[in-house]
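Report on one structure; see the data block that follows.
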């Protein structure tokens, strides 16, 4: 090596030089960029594949100094008299590139940001980590940052550097284990990943950005630099008017949707609709049907479509399958414009093992537990988040807030809560590790949920959290300060299983299972419940709701009408999966579409009209809302008539300002002159009967029924009703 080349490499040891060349150097700024040496400034760049490099004046563009080859692998260096503003003119075999030097910029992240990341309390994580399009000193570009504390070297790679991890190694901020680099002249839309060398020197498969706000559509896996331009929302009225308390007290009827299979364009390769098309088709449909909310199965970026989104890897990015993040924001904006709230299914329980994802992200068990007895979920072959690690808790909470704050989401339904609460969930003896007290409770998960809900309700007081929790864990919807987990609503899985097992029976045998339909009221007010007839009940060979019903075709439809109306009359908020509102004959297929063509048949139209009318009555009548969460809003009118398989419920508005009687006859035998005691003397008006001809029924109706001074069911007055076969009826009580 000649003297001139030695001067260009002054202060750089052979080990450091070879570490840079081989892509193992953890401190590239110690070699690259401008450095003072003997009163001069040496600028070094490492650009494998470049033919020549010139240092040019940032203002005039004139060549200040050509770079010399400091090492044939692609290390160039130039010496200048002063450290003034400069740019690089790089000659590649097929192009000339002019850019600022990424290694001329100082520290990027503030110490407070780093402290909050380590503490797990940086709740605006996507504004710090990930790829942020921004300007520094008037120079536009993208700041990249990623948490990888156990890595030896991290580089950002993309089309902009031919996916060569040697070109853009990042700077480590050791206090937080975060790596950072600003690359000038990059813009939103660039594809990128991180290339990581682990502590043992092994170069890992290139990793997608855990905090990316946009990603390629599957099966491609690169992250995409998202726009930093805020979306122009038009939902100010909705945002100012929404109230979590109002939603909890009022009508709450949810239409659950798998975006990719709600409707497909058969004229265009059977493709799923995108967000803009869904805004034009799905939003007006759900609004017209009278639902108050749309709940979307997970739309966070996920590699495997067959997981329905429940195995996500991009917890900050709407999946690229249906459009851009801006398209998704537009969809939410249109929902709000139509008076619909938006709930997202959100999955903090586990993540898939794809090598380009979070699994052993920096060569260590970073996001997951090291021990598979804590870190591997056998049911789903997925990895479990380590909630005992501050950075992981902060990552998850920041993800939740991202959807609520950036995308104006109205609520999160948290998936698989039970799997997080129990250390022995779906594990045999010896396959799990007890907590510090020897118990099965996952204390880290308990504290996580308490903190998650507290932070959400503090920062987004309008937002709701809903737990899919399938056990009897106490206090799921109690505030954390009262020892609860802090959710607003819990799925009532018990009611769902009991009621479906009952309605699937032949009516001959229902009298023996009568208690399964009344049992739910024993615990109905122990939590704030929603009654879920979800996607899980119409898949994996379970059949559709319609095919669950016993009997011939007429009886199947009658059973379904009666069941749905019973659900709407029963205390608890409502959730119905797409397709069930039209009595879809086949079970759900995520690769297909709702079978909308059945609406050519009147019996399916009848079910659809019934659901719309049930939503309308639910929304109009406070008596059907108040008792959802308040025991004083409900009484059994008839709970013990197992012989006739008849159930009667009385629903009351606050202060009993209004009342509704709900009667169900779950046999194919009409009941004439059925006497039922009522609390109010006067005329009771039939608002809905599922046996109405417009719903596909036989047309047995009650109309207006006057009470009679005949005691029944412990009440001094009663009604003599006609209960049509396999039906549910709603009667409005007289004004007090």
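Yeah, the Cβs are placed from backbone N, Cα and C, and that goes for glycine too.
Annotated in Swiss-Prot:
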- 415: active site, nucleophile (ACT_SITE)
- 468: active site, proton donor (ACT_SITE)
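Separating the Cα atoms of the residue listed as 'active site, nucleophile' and residue 468 (active site, proton donor) is a whole-number distance of 5 Å.
Around residue 415 (active site, nucleophile), taking its Cβ as the centre, 21 other Cβ atoms fall within 10 Å, counting all chains. Under a cutoff of 8 A between CB atoms, and with a sequence separation of 6+ in the same chain, the neighbours of residue 468 (active site, proton donor) are 413, 414, 415, 416, 417, 418, 491, 493, 532.
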